[in-house]
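According to TrEMBL, the features are:
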- B:599-619: compositional bias 'Basic and acidic residues' (COMPBIAS)
- B:23-591: domain 'Cytochrome oxidase subunit I profile' (DOMAIN)
- B:598-619: region 'Disordered' (REGION)
- B:40-62: transmembrane segment (TRANSMEM)
- B:89-114: transmembrane segment (TRANSMEM)
- B:135-154: transmembrane segment (TRANSMEM)
- B:185-205: transmembrane segment (TRANSMEM)
- B:225-251: transmembrane segment (TRANSMEM)
- B:284-304: transmembrane segment (TRANSMEM)
- B:316-337: transmembrane segment (TRANSMEM)
- B:349-374: transmembrane segment (TRANSMEM)
- B:386-408: transmembrane segment (TRANSMEM)
- B:420-446: transmembrane segment (TRANSMEM)
- B:458-481: transmembrane segment (TRANSMEM)
- B:501-527: transmembrane segment (TRANSMEM)
Amino acid sequence: MVGNTENTDLTRAKKAQKFNLWLGLIGMFMMFAALSSGYIVYTASGIDKGLKTTLPNTFILSTLAIVVSSITIQLAFNAAKKKDKPKQKLFLLITMVLGIVFFASQIHSWNVLSERGIFFVSNNASQSFLYIFTGMHLAHIIAGLIVLARAYFGVSSDIPAEKSYFRIELANIFWHFLDILWIYIYVFLLLNQ
Amino acid sequence: MSSTVISHDAAHHDSHGHHQESFLSKYIFSMDHKMIAKQFLITGIIMAVFAMVLSILFRIQLAWPDKEFPLLEVFLGKWAEGGRIKPDFFLSLVTIHGTIMVFFVLTAGLSGTFSNLLIPYQIGARDMASPLMNMLSYWSFLIACIVMVASFFIESGPASAGWTIYPPLSAVPTSISGSGLGQTLWLVSMTFFIVSQVMGGVNYISTILNMRTEGMDLWKMPLTIWALFLTAIVGLLSFPVLVSAVVLLIFDRSFGTSFYLSDLVVQGQILPNEGGSPILFQHLFWFLGHPEVYIVVMPALGLTSEVISTNSRKPIFGYHAMVYSLIGITVLSFIVWGHHMFVTGMNPFLGGVFMITTLIIAVPSAVKGFNYLATLWRGNIRFTPAMMFAIGLVSFFISGGLTGLFLGNATLDINLHDTYFVVAHFHLVMGSASIFGMLCGVYHWYPKMFGRMMNAKLGYLHFWLTFLGAYLVFFPMHFMGIDGVPRRYYAFTEFPFMEKWVSVNVLVTWAAIVAGLGQLAFIYNFFSSIWFGKKATQNPWNSNTLEWTTPVEHIHGNWPGEIPAVHRWPYDYSKPGAEQDFIPQTVPFSETMSSNMPHDFEGNEEAERIQEEWNAKNK
């Protein structure tokens, strides 16, 4: 009896924690929604505002990296469902590497932009917004990489299988969110270039 | 059947719940919702006293602008050289008073306390969904408080750009002394505060949606829970927007970007920033800032709904209407922010749109006001101190709400904007109303928090001093506002048209001082009752909600055995035919055959048939 109820207790707590993550995602989305509307309001304030450039091609590489990483994290999660440890580790590792590739590619994009004379500190704040969007997203990517690393160590250490499964489940949701968030930002910027 | 009920039988409970707790794990790093609620409350009370002292300091300046008070220099040193508060420091006092009251007292102190205390208790849960996040939420809040207070001890003084931190004053560190390190500390403090609010809010929503006990469907939740739930949703959707606004502000302050800055000359020097728009900040800020005032007032409305119903010994009038009006306020709160910005050169058409949405908020607010009055109407009223404060809230909510109709009107606002009329309006409808809601909650749930009762006589003294004091302080301000006296002005003697108001300021300041002293009755009552108050019984107010079915002694997990299931809504007071004038939510209909009504069964034909049989037999 006690064992059973403890189980329901746990399932319920997990359900609630997963729900917490979804709510957190809503909060993060609101932050970027605010930046988007800030961008629109600012850019509409004068004809001299706006990006005044095309987006660097390196963004395409970033997009590829993060979309593929979304697939690999899903594969890791599927492997976790089948309790296939080596596959989980492999796909988690690939996801992390792709995450780092994304990170590097974004930083490189900043270099490309500043070579074109588009700097963060600028009297056309639309251009500063470009750095804010990507920078804030990268801050989330760092958090995502930590979550992935935690899931990876969950698989490789001997914590209970259920716990490690739960970690991958949450990491999976979060990483997909980061992917979708980037696509949103990219499309938003493309529409405004 | 019991699949959703968590059962902790006694034996299991002992082995797991009563492990030796050290002082640190029990009182400091506690993850228990009841302890965290007390932590929020006591921190909130300390911050409230601090912010109140600040207000009395600037009131002294407003009443006696040319007089010297050597005592002030003793305490404030260079900020009151020669016994007169300096203009820069005056602005700091106003700023930090507003910040602490709005965010630390009426947001964290109010929501933090009662969400933590009541959500698990009233929905029948052992604790919050994530106790760890709950603890972190309190700790972030405490750090925010410490950083904010610490800004009084730095060379350049605390932030002084107003609680709304409009740029350029907040964005150019060299503009006034408070814009330097003081403003930076303000931003640091607010970052911790937002973290605290988001973590807390996420937890509250998740707990309410996922951890309700058996039978507790959404329409059986007390209005307190509805209010706290919707408040948390508003917070979750609006605080992240403030993060964005603040991030941009930080970059403007410290990295030279121009999101908000343009064409500025500070102390003879032309600033390099070009092309920014301070209006952009106002849009982002008020997108949080307006929902924030509902974050402040909605929990207070929820608490008083419960207290008014319990102490009128009547069901709350229009339960569904109360919920729908809270939902209405929640939705509308996000589309009215522009009414803070009517005079920024806003397109008149847009101003008209914001005016209409703003005035529509009067509808749900009026529904709530009428429902309170209808609940009180011919009730068997018990004037407990909590009830007095609840009725006080209704009074403030109505008298302050009415002036909202004037300010919400875009044309009238041109005259009234940034005058004392605004100060009077929001101090009544949001400040006093929420403080009264919070105090009402403290008096009502004190027995649940500390297992003892507060002294009622001191409670009445506290109520009358505060109630009359608040009206004497804020009511005269309406007239000053109509005369065009701007808020935040340092010396009334500097402007001929304002000089005649100095005598009113003297009245207001004395009222503030007396009301401030009245709070000593509360502070003494609150702290001494923890140890010396009369011992509380399990259900001292004969209330229906679940928290009163828990033992007086706090235990880990709240209920010693299984969590009770819920069978009815929380407002069965004075039900015709019932033995007592209250029927707790845990009592099944089978035990109250004499008072059941056909609509109680929500269309369950079997139950209706049994009831009819019983009725036929017992007539």
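Numbering starts at 1 and runs along the chain as it is shown here.
Cβ atoms here come from the backbone N, Cα and C positions, even for glycine.
Residue counts for the region 'Disordered' (B:598-619) under DSSP (helix as H, G, I; strand as E, B; rest coil) come to 18 helix, 0 strand, 4 coil. Outside the transmembrane segment (B:386-408), and at least 6 residues removed from its termini, the chain residues within Cβ reach (under 8 Å) are 297, 300-301, 303-304, 307-308, 311, 339, 355, 358-359, 361-362, 365-366, 368-369, 372-373, 376, 416, 421-422, 424-430, 432-434, 436-437, 439-441, 443-444, 459-460, 463, 466-467, 470, 478. Sequence-distant contacts of the transmembrane segment (B:349-374) (same chain, at least 6 residues past either end, Cβ-Cβ under 8 Å): 301, 304-305, 308, 316-318, 321-322, 324-326, 328-329, 332-333, 335-339, 342, 394, 397-398, 401, 404-405, 408-410. Confidence in the domain 'Cytochrome oxidase subunit I profile' (B:23-591), given as mean pLDDT, stands at 95. Fewer than three CB pairs closer than 8 A are found between the transmembrane segment (B:185-205) and the transmembrane segment (B:420-446), and contact between the two stretches is not assigned (pairs 6 or more residues apart). Within the same chain, residues 45, 49, 52-53, 55-56, 59-60, 62-65, 439, 442, 446, 454-455, 458-459, 461-462, 465-466, 468-470, 472-473, 476-477, 479-480, 483, 485, 492-493 sit at least 6 positions outside the transmembrane segment (B:501-527) and bring their C-beta atoms closer than 8 Å to a C-beta of that stretch. Counting Cβ pairs closer than 8 Å to the transmembrane segment (B:40-62), the top stretch among B:89-114, B:225-251, B:284-304, B:420-446 is B:89-114. Counted as Cβ pairs under 8 Å, contacts with the transmembrane segment (B:225-251) are highest for B:284-304 among B:89-114, B:135-154, B:284-304, B:420-446, B:458-481. Residues 102-103, 106-107, 110-111, 114-115, 164-166, 222-228, 230-231, 234-235, 237-239, 241-242, 244-245, 248, 326, 329-330, 333-334, 336-341, 368, 372, 389-390, 393-394, 397, 426, 429-430, 433-434, 436-438, 440-441, 444 of the same chain lie 6 or more positions beyond the ends of the transmembrane segment (B:284-304) yet place their CB under 8 Å from a CB of it. Taking Cβ pairs closer than 8 Å, the transmembrane segment (B:135-154) reaches residues 29-31, 36, 39-40, 43, 47, 50, 96, 99-100, 104, 108, 112, 181-182, 185-186, 188-193, 195-197, 199-200, 203 in its own chain, all 6 or more past its ends.
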